[in-house]
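*Asks:* Got a structure for you, written out below as structure tokens; questions coming shortly.
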Amino acid sequence: MLYQILLRLFFLVSPERVHTLVFAALRAIAAFTPTRWLLNRLCAPTDPILGTEVFGVHFPAPLGLAAGFDKDGEGLKVWGPLGFGYAEVGTVTAIAQPGNPKPRLFRLPADRGLLNRMGFNNHGAAALAPRLATRTSTVPIGANIGKSKIVEPAFASSDYRVSARQVGPAADFLVVNVSSPNTPGLRDLQAIGELRKILSAVLEETTAPVLVKIAPDLSDADIDEIADLAVELGLAGIVATNTTISRAALKTTGVEDLGAGGVSGPPVAARSLEVLRRLYRRVGDRLVLISVGGIEDADDAWARIIAGASLLQGYTGFIYRGGFYAKRIHDGIAQRLRAGGFASLQDAVGSAT
């Protein structure tokens, strides 16, 4: 109730400004041992049934913070105490860039969603690398890498290679982002020929587990092709899905006037779940599947787990649900695991298929 009142106040300020202020407040809380300890006591998962190990990394709980919130890894001390089982920072690019002109982040309140065209604003992979190397995070940290805007698509593999070389050694896993709608031509890199070059280049540069993040707007045939390529190349997994360019069934008025961008939150949930189910049917346990897109509560999270997701991510749900977002979801997952007679989280993965 209190957070809903705060949310109304937040909505009086531009979304990007609120993000800056809230993120600064979270970092301030986590900077001091007593307040960080208190936050950890209130929010961090403690039930051992939530823990899982995938691609050689132990995760204390399955819900992580999705890429986009902590673009430059400035809040690495925050995410574990706030209840997340891990965090994916970025997207970072080989060349630092300011992103698209403001305004570039918009609320869709009637849909509990967001529309963004941030454009990979970040300080660069070289700036993130030392933060990862010296971190004291209590949870795994992955790094999401994208293409620098000024780099032509023909040279994309070399650009991704640079980022992988810089952040790969200190990241628990790498996610190759070829699915944001906000960098011109980026989604074209999901074509199998181009994607093969990029993923092969990244794999040559790092020993960290490598995953690829895909768009919800791909055709089913394209999803199958990418899944097969991921298995062939020996990727650790697939993150599904990024934001959607679809405006179908949005309830928020005036969305047409907001311009281009990707939509996140509940509007992408159905397609995200559909893509997850298709991927699991295609690859089974040969790849780790991380589901993201419209996960608001424990019911949503559980639906993704039994459909085949080993890990989950949230961002928009965190914005709309507040600081206990991760805790409530993890508590709900633990209750469902025990009620269903599962001995571990991994036992529940794909159990509905």
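Placement of Cβ uses the backbone N, Cα and C atoms for every residue, glycine included.
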*Asks:* Swiss-Prot has ASN116, ARG117, MET118, GLY119, PHE120, ASN177, ASN182, ASN242, THR243 down as binding substrate; which of LYS71, LYS327 does it also list for that site?
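*Replies:* Looking through LYS71, LYS327, the residue Swiss-Prot assigns to the substrate site is LYS71.
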*Asks:* Fewest neighbouring Cβ atoms within 10 Å: which of the recorded positions ASN144, ASN177, SER180, ASN242?
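*Replies:* Sparsest of the recorded positions ASN144, ASN177, SER180, ASN242 by Cβ contacts within 10 Å: SER180.
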*Asks:* Can you tell me which of the binding-site residues ARG117, ASN144, TYR315 is spatially closest to SER180 (active site, nucleophile)? Compare CA atoms only.
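*Replies:* Going through ARG117, ASN144, TYR315 one by one, the Cα closest to that of SER180 (active site, nucleophile) is ARG117.
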*Asks:* Report, in whole Å, the straight Cα-to-Cα distance of GLY265 (FMN binding site) from ASN177 (substrate binding site).
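*Replies:* Each residue's Cα considered, ASN177 (substrate binding site) and GLY265 (FMN binding site) end up 18 Å apart.
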*Asks:* Between GLY265 (FMN binding site) and GLY119 (substrate binding site), how many Å separate their Cα atoms?
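*Replies:* Roughly 18 Å, rounded to the nearest whole number.
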*Asks:* For LYS213 (FMN binding site), what residues in its own chain, 6 or more apart in sequence, show a Cβ-Cβ distance under 8 Å?
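*Replies:* For LYS213 (FMN binding site), the qualifying residues are ALA67, ASN144, VAL175, VAL176, ASN177, VAL178, SER179, ILE238, VAL239, ALA240, THR241, ASN242.
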*Asks:* Determine, to the nearest whole angstrom, how far the Cα atom of PHE69 (FMN binding site) is from the Cα atom of GLY119 (substrate binding site).
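*Replies:* That comes out at 13 Å between the alpha carbons.
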*Asks:* I need the CA-to-CA distance for LYS71 (FMN binding site) versus ARG117 (substrate binding site), whole Å please.
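*Replies:* About 14 Å separates the two Cα atoms.
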